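Have a look at the structure below before the remarks.
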């Protein structure tokens, strides 16, 4: 699998020109997704900073899912909800 | 439930029934609720959190299906876990991750504009299946993964609100 070919950190600058543009495009896409960076001046941000914020954002989303799972498990223990009604109401949105 | 969705959600009109994020939310919600219904009857209270957490992950991967590398990676892992010994799989994963980390430490991120090895390796560790893909693929998979995580949080929050209020 040629997974390492696209990362041309050590090769000549000419050969990595096209993939650099593509990478910048993808990085700015990520930049748009992250809520903190979206508000600040969205100019030429360093790629490393975007990746760092991306990692932090993914971790916080995962933590949120953990927390929601925790609360759902507690809730299931106490209530006996009507699943069909829930499904219908959610599908309406 | 077959729906087509464009690859570029920004140009698609925000029709509530067919925009891609709404499709994902619905597919996830249906699967997740079915999983929770099954769980209620036969799961001991001590395993509930773990089962719900795993169901959330599996439902998301199943809703996305095999068209993304990250969802394929999760589905593969789930299938492997049910077929093989859980401990063997865990030790194999751990060896892969430690090998990648030591490769990353040899890198030298001097330039502020260049991507440091460490952030990239961190990202590879966070995105399912991120270990074996090229950098461009990793970035595009990350974007989709984040969108789906957000959808997951939205749906689970909605479910929680409905449960709490009823």
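Just so you know, glycine gets a Cβ as well, placed from its N, Cα and C.
TrEMBL entries are annotated by machine, without manual review.
According to TrEMBL:
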COMPBIAS  B:1-20  compositional bias 'Low complexity'
DOMAIN    B:22-81  domain 'IBH1-like N-terminal'
REGION    B:1-22  region 'Disordered'
**Fill in**
In this predicted model, the domain 'IBH1-like N-terminal' (B:22-81) has a mean pLDDT of 89
**Asked** Helix, strand, coil residue numbers for the domain 'IBH1-like N-terminal' (B:22-81) per DSSP?
**Response** 57 helix, 0 strand, 3 coil
